[in-house]
């Protein structure tokens, strides 16, 4: 999702130093079986959501309460930001994960750094929630590729081949992956949130994704790996999302050995297409995943009006393909009540306990549970 407003990251409570979250217990890492996901021994279709802000909370009770609500709603997968990049170290106890500078970068493993992610992983472990952790942002929110560009030069388009940027990106990957390599809470490592390379040959992202997924696999033999792209670049239609101008080729990227499943997003309102575009977009990605023998995950989707009627139709379209390429969906985004008030409403937020949550979470989970095994 692009264009997020900065979430209020003021100090909510004192944070105790936390050991690395290393997992344990009976839960197992998520797997794939053909075009279907396997979570804790169950093969099927799974629902989930996104929360870009949860890893930046400094009040442990807020983390726990949010995850309790997600788990009790029947959602199994939660996608979060595993990045928070800055070029200048913030004052006080503001949360940041990595400071990028040409003179030398720093990964923050302190109480206002990766220890916040530690707590999230630990809390997810105890609740059986599986996390997709995105490792960098294409967009400028929370630093992203732009923070690397500020430190090492070039552009976001050249970021994928910028040797110094990629060297530091891999250092950061190693720091994060090594902390949670044994945690059953990790569903997948995600190379980037919505990677694009506008006007580039699609080989740029293809080659980068091949190299980085190989690198992650060298660090972690067990957990799943995915790209995090929006699903742009598909044959058969000429509308904008099907075109290749953003530098991605969905079908080609599915051939990358160490990418275990395909991701795609859906925002008709942002893309200038009608809501009726949705079912076909889902069907075409499912077909591509089926042909590649990998699961498809509708990783982000949202609409800003008539949301119950519009989005439940998309959910139904995805569920109907649960044995034909689709294996899950994650709506954008989860909303909750924290100790500091409601989380940010970007126009797509679905708040816990709302009538919209009944329509798009409770009813959806019930329908998933009724699917044949």
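Backbone N, Cα and C define each Cβ position, glycine as well.
Annotation comment: Swiss-Prot describes 1-17 as signal peptide.
Under the heading substrate binding site, Swiss-Prot lists 81, 193, 194, 195, 196, 230, 267, 271, 332, citing similarity to another entry as support. Using a 10 Å Cβ-Cβ cutoff, residue 332 (substrate binding site) registers 22 neighbours. When secondary structure is read from DSSP and collapsed to three states, residue 332 (substrate binding site) falls in the coil class.
What Swiss-Prot lists as active site, proton donor/acceptor is 194, and the listing cites a curator's inference. Look at residue 194 (substrate binding site): DSSP puts it in coil.
Counting only same-chain residues six or more apart in sequence, the Cβ atoms lying under 8 angstroms from the Cβ of residue 200 (disulfide bond) belong to 157, 247. According to Swiss-Prot, the feature disulfide bond maps to 197-200 (among others), an assignment based on experimental evidence.
The secondary structure of residue 289 (disulfide bond), as reduced to three states from DSSP, is helical. Counting Cβ atoms from all protein chains shown, residue 289 (disulfide bond) has 26 others lying within 10 Å of its own Cβ. For 289-296 (among others), the entry in Swiss-Prot reads disulfide bond.
Feature annotation from Swiss-Prot assigns active site, nucleophile to 300; the stated evidence is a curator's inference. The Cβ of residue 300 (active site, nucleophile) has 25 other Cβ atoms within 10 Å, all protein chains considered. Annotation note: residue 300 (active site, nucleophile) sits in a strand segment as assigned by DSSP.
In the three-state DSSP reading, residue 359 (disulfide bond) counts as helix. Note on residue 359 (disulfide bond): other Cβ atoms within 10 Å of its Cβ, all shown chains, come to 17. The annotation disulfide bond is assigned in Swiss-Prot to 308-359 (among others) on the grounds of experimental evidence.
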Candidate nearest residue 267 (substrate binding site) in space, where candidates are the recorded positions 289, 300, 359 and distance is Cα-Cα: 300
Closest of 81, 194, 196, 300, 332 to residue 308 (disulfide bond), Cα positions, recorded positions only: 332
Coarse DSSP state, helix versus strand versus coil, of residue 267 (substrate binding site): coil
Rounded to the nearest Å - Cα separation of residue 359 (disulfide bond) and residue 194 (substrate binding site): 27
Where residue 81 (substrate binding site) falls in three-state DSSP terms: strand
Least Cβ-crowded entry, counting other Cβ within 10 Å, from the disulfide-bonded residues listed as 197, 296: 197
